[in-house]
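The next block holds one structure in the form of structure tokens; read it before the comments.
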Ligand code: PSU
Ligand code: MN
């Protein structure tokens, strides 16, 4: 656990960690930049409730008024949700500047992992990770999430990566960086809104206990994070052809508008929301909830192992 002046862990989360109780970290860029208001607020509250129902303590992470906060109260969730994209999006390189400026920011997968590790939280659930953008051979746009996974010992439960990214290249970079990619109950790497990307995973695990055991081994080796890819439930998945066509249209619109850098992922998400008349958001929320359920079960299994 690093000592860091501005890391503010809520009493509930700190007590749970001290007692060895299961804790699940949750990110906040998905609140500020990933979903529109007020669905973002309902989602943020919903996933905290699902974490609790699963027997774990939720630790939503954000930068608020210049503090790295681990464990938020409802008023914080409301403020983040209402502020939306007017808040900053904190990637790793932004953290020090945002803390010094007293800013409020959503934390990405990368920075949520960073704070989770500082707090001593092993598990983190989100929707999708950032990755290698299509055309990255020209733009060099590769999410800092991949670098963070390679260095920070936190297990991230996600529904794979959206095909707004180049999923094949994303998996290649994860391999280069030595990040274990685990299919949870699947042999295929999922594609966020759909259950399969057409790419295989190297390792499949089917139970929370098996994932907890893997986390213990990986962390004891002093290696970095783990990516646990949990496919969207079939009932919530979108039609693969429809979503592919929509993504292609959204990317073309982004190129025409000259959208790039950290604005690109939020732009594509909101454009896809418009083009699918909100269907993408309904599925997005469902898959986040599904990931949080799995993460809570893994956190419970991990706490039980560590008590033995
Ligand atoms: N994917 C989503 N919703 C999101 C994000 C990704 O479906 O909100 C956010 C996550 O916080 C992720 C970040 O860490 O976007 C990646 O941004 P970038 O591609 O700029 O690294
Ligand atoms: Mn980027």
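Heads up, the Cβ atoms here are built off N, Cα and C, so glycines get one too.
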According to TrEMBL, 89, 143, 144, 145 bind substrate; which of 70, 73, 109, 173 is also listed for that site?
109
At a 10 Å cut-off from the C-beta of residue 143 (substrate binding site), count the other C-beta atoms across all protein chains.
24
Looking only at 109, 144, which of these binding-site residues has the biggest number of Cβ atoms within 10 Å around its Cβ?
109
Remaining residues near the recorded substrate site, that is with C-beta within 8 Å of the centroid of the site residues 89, 109, 143, 144, 145:
29, 91, 92, 108, 110, 111, 129, 130, 148
How many other Cβ atoms are found within 10 Å of the Cβ atom of residue 162 (active site, nucleophile), counting all protein chains shown?
26
